[in-house]
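Taken straight from Swiss-Prot:
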ACT_SITE  SER25  active site, schiff-base intermediate with substrate
ACT_SITE  TYR58  active site, proton donor
BINDING   THR57, GLY72, ALA73, ALA74  substrate binding site
MOD_RES   SER25  pyruvic acid (Ser)
Amino acid sequence: MTFEMLYSKIHRATITDANLNYIGSITIDEDLAKLAKLREGMKVEIVDVNNGERFSTYVILGKKRGKICVNGAAARKVAIGDVVIILAYASMNEDEINTHKPSIVLVDEKNEILEKG
């Protein structure tokens, strides 16, 4: 049996851009994404702290430092400056659950890393 468990989280990131005309996804600063163990194309859930919206999309790695841009139709669910939580889950068996520790990255309002847990 497997269970859906928290794999990683970027906590309180700030939306820096929203691009309605892009195909889809969320663009995340590559250094920040890698620190959170997020991979290109990985499914993530976005929770908007400001408006309560919750939606799923996939990761695109961005080159610009601090960039968090929601693309495509999901751009209508956020506003620039909104604070979001970016979550990734993984299916794990009981042995994996016992040894797994989620990667949690806390950032400030400029998406600079405050703490990595």
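A Cβ is built for glycine as well, from the same backbone N, Cα and C atoms used for every other residue.
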Surrounding CB atoms that lie within 10 Å of the CB of ALA73 (substrate binding site), all protein chains: 13
Local Cβ density at GLY72 (substrate binding site) - other Cβ atoms counted within 10 Å: 16
Non-site residues, in chain order, whose CB comes within 8 A of the mean position of the CB atoms of THR57, GLY72, ALA73, ALA74 at substrate: GLY24, SER25, ILE26, PHE55, VAL70, ASN71, ALA75, LYS77
Distance [Cα-Cα, Å, rounded] between ALA74 (substrate binding site) and the residue listed as 'active site, schiff-base intermediate with substrate': 8
Distance from GLY72 (substrate binding site) back to SER25 (active site, schiff-base intermediate with substrate), taken between C-alpha atoms, in Å: 7
